[in-house]
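Peer 1: Here it is, the structure in full.
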Amino acid sequence: VLSASDKTNLKAAWDKLGGQAANYGAEALERTFASFPTTKTYFPHFDLSPGSAQVKGHGKKVADALTKAVGSLDDLPGALSALSDLHAHKLRVDPVNFKLLSHCLLVTLASHHPADFTPAVHASLDKFLATVSTVLTSKYR
């Protein structure tokens with residue numbers, strides 16, 4: 001459960017991303033594909049080379065979903081319900097992949113905002129991404 005402090009940290013951290021959220025989403029995907037090559041199997045129709053339009057496009061989708069989630073911290077299941085259905089029933093993404101992408105997103109954010117990535121912010125972002133992952137996999141049951 002996200003505390004009031006976590007919610008404050010998340011909103012402040014997300015505000016600092018500014019217009020870079022989509023770029024960070026794409027970079028996190030690139031890190032995921034490079035570090036965990038099996039994740040590429042879900043994108044056989046994509047050009048997965050760094051900087052490709054398709055990776056950038058999907059990175060924007062990831063960033064937009066997380067931005068929506070940050071704006072709906074009190075109702076993440078409601079905010080992410082359609083996305084959960086999509087990943088569980090249509091795309092059938094292995095739940096472990098959400099954890100892998102979450103890790104790569106944390107690395108990406110820390111590399112671009114080291115001064116802002118305090119232990120408290122890191123913990124709040126980690127809890128948030130774990131909660132988002134749990135919500136996205138809730139329809140698998």
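Note: Cβ is positioned from N, Cα and C throughout, glycine not excepted.
Here Swiss-Prot flags His58 as O2 binding site, drawing on sequence analysis. Residues or ranges marked as heme b binding site in Swiss-Prot: His87. According to Swiss-Prot, the feature domain 'Globin' maps to 1-141. As annotated by Swiss-Prot, phosphoserine applies to Ser3, Ser35, Ser102, Ser124, Ser138 (among others). Per Swiss-Prot, the feature N6-succinyllysine maps to Lys7, Lys11, Lys40 (among others). The N6-acetyllysine annotation in Swiss-Prot covers Lys16. Per Swiss-Prot, the feature phosphotyrosine maps to Tyr24; the stated evidence is similarity to another entry. The phosphothreonine annotation in Swiss-Prot covers Thr108, Thr137 (among others) and rests on similarity to another entry.
What does the local environment look like for each feature on the list?
Peer 2: Cβ neighbours within 10 Å of His58 (O2 binding site), excluding its own Cβ and spanning all shown chains: 18.
Secondary structure at His87 (heme b binding site), taken from DSSP and collapsed to helix, strand or coil, is helix.
According to its DSSP assignment, Ser3 (phosphoserine) is coil.
Sequence-distant contacts of Lys7 (N6-succinyllysine), defined as residues of its own chain at least six apart whose C-beta falls under 8 angstroms from its C-beta, comprise Leu73.
Its Cβ taken as reference, Lys11 (N6-succinyllysine) is surrounded by 14 other Cβ atoms within 10 Å in the chains shown.
Sequence-distant contacts of Lys16 (N6-acetyllysine), defined by Cβ-Cβ distance under 8 angstroms and a gap of at least six in the same chain, are His113, Asp116.
For Tyr24 (phosphotyrosine), the Cβ neighbour count at a 10 Å cut-off comes to 20, with all displayed protein chains included.
DSSP assigns Ser35 (phosphoserine) to a helix. In sequence order, Leu100, Cys104 make up the list of same-chain residues 6 or more apart from Ser35 (phosphoserine) whose Cβ falls under 8 Å from its Cβ.
Secondary structure from DSSP puts Lys40 (N6-succinyllysine) in a helix.
Within 10 Å of the C-beta of Ser102 (phosphoserine) we count 20 further C-beta atoms, all protein chains included.
The number of other CB atoms found within 10 A of the CB of Thr108 (phosphothreonine), across every protein chain shown, is 21.
For Ser124 (phosphoserine), the same-chain residues lying six or more positions away in sequence with a CB closer than 8 A to its CB are Leu2, Ser5, Asp6, Asn9, Leu10, Ala13. According to its DSSP assignment, Ser124 (phosphoserine) is helical.
Applying an 8 A CB threshold to same-chain residues 6+ apart, the list for Thr137 (phosphothreonine) reads Ser84, His87, Ala88, Pro95, Phe98.
Non-local contacts of Ser138 (phosphoserine) by the CB criterion (under 8 A, 6+ apart in sequence, same chain) comprise Pro77, Ser84.
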Peer 1: Give me the Cα-Cα distance between Ser102 (phosphoserine) and Ser3 (phosphoserine), rounded to a whole Å.
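Peer 2: Taking the Cα atoms only, Ser102 (phosphoserine) lies 19 Å from Ser3 (phosphoserine).
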Peer 1: Cα within 10 Å of Thr108 (phosphothreonine) is the criterion; apply it to the recorded positions Ser3, Lys11, Tyr24, Lys40, His58 and give the hits in sequence order.
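Peer 2: Those near Thr108 (phosphothreonine) - Cα within 10 Å - are Tyr24, in sequence order.
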Peer 1: Taking the Cβ of Ser3 (phosphoserine) as centre, how many other Cβ atoms lie within 10 Å?
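Peer 2: Total other Cβ atoms inside 10 Å, all chains included: 10.
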Peer 1: When the number of other CB atoms within 10 A of each residue's CB is tallied over all shown chains, which of the recorded positions Lys40, His87 has the maximum?
Peer 2: His87
Peer 1: Spatially speaking, which of the recorded positions Tyr24, Lys40, His58 is closest to Lys11 (N6-succinyllysine)? Use C-alpha to C-alpha, please.
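Peer 2: Result: the closest of the recorded positions to Lys11 (N6-succinyllysine) is Tyr24.
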